[in-house]
Amino acid sequence: ANKRPVWIMAHMVNAVAQIDEFVNLGANSIETD
């Protein structure tokens, strides 16, 4: 079966400290503003 990737995006990450927070919540991609 062809499996497509699933992206769990952290939206509006505006500080470096937020990266760890969102990754710990399960995000596997980061979108910055």
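Quick reminder: no glycine exception, Cβ is built from N, Cα and C everywhere.
According to Swiss-Prot, the features are:
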- H11: active site (ACT_SITE)
- E31, D33: Mg(2+) binding site (BINDING)
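The structure, with features from Swiss-Prot marked on it.
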residue : record              : Cβ neighbours (10 Å)
H11     : active site         : 11
E31     : Mg(2+) binding site : 12
D33     : Mg(2+) binding site : 6
Round to the nearest Å and give the CA-to-CA distance linking E31 (Mg(2+) binding site) with H11 (active site).
5
What's the CA to CA span in angstrom from H11 (active site) over to D33 (Mg(2+) binding site)?
8
